[in-house]
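Participant: Next up is a structure, given as structure tokens.
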Amino acid sequence: MASSSSVPASSTPSKKPRDKIADWFRQALLKKPKKMPISQESHLYDGSQTATQDGLSPSSCSSPPSHSSPESRSSPSSCSSGMSPTSPPTHVDSSSSSSGRWSKDYDVCVCHSEEDLEAAQELVSYLEGSQASLRCFLQLRDAAPGGAIVSELCQALSRSHCRALLITPGFLRDPWCKYQMLQALTEAPASEGCTIPLLSGLSRAAYPPELRFMYYVDGRGKDGGFYQVKEAVIHYLETLS
């Protein structure tokens, strides 16, 4: 009986040191400051460097300010310039510098007789004053002084995308007009929309046989057919872009 009563007495003092040790470790852990793992810090630091190299602003990076590199603390203006688009707009019209329109000096050469100079000037004024700002060649205004007539006529055609033929009774009587008409057909036999006959003061029967394979603009309208000539020139220029 004496031996059985001695067992509780010996086990009681052995539990108290273990409880004290457990309490000491618990207090030590509670007092230990929390610290971010090294692997996580290095991961965030690498992320801030990657964002800086890609041109992103510091506010878009996931790293806190204390872990960001000096290079990532750039000014807002430098960040916005890094994100600005460098490619030009995709939209291109007939007036753009990338258009084939600028491969020649003029958009249209107005061919007319001497007695139709006033009508030719009105047509040129209409085309140049339009929203498209078409570049016109008018012989009396744009031909080089002292230049040979044949050379000037040929150069005017070769330096222009389109040819507007102001076909009138005076045009049919002028040998230079007929020469210019035949030269225009030689450079573009199939026309392809670049030769635009404007019939004015003539019947359909008087239409030159050399041009009867292509449609002409009727100049008997209220605007003298100027609008149709302008639209034909613009349509041809759009095929060049």
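Cβ coordinates are placed from backbone N, Cα and C, and glycine is handled just like the others.
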Participant: Identify the disulfide partner of C194 as annotated in Swiss-Prot; candidates are C162, C177.
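Facilitator: The record-listed partner cysteine is C162.
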Participant: So, by DSSP, how many helix, strand and coil residues make up the domain 'TIR' (104-233)?
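Facilitator: The counts are 61 helix, 24 strand, 45 coil.
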Participant: Since the record lists C109, C154, C162, C194 as disulfide-bonded residues, which of them has the fewest other Cβ atoms within 10 Å of its Cβ?
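Facilitator: Each of the disulfide-bonded residues C109, C154, C162, C194 was scored by Cβ atoms within 10 Å; lowest is C154.
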Participant: Cα distance, C162 (disulfide bond) to C109 (disulfide bond), nearest Å?
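Facilitator: Distance (Cα to Cα, whole Å): 6 Å.
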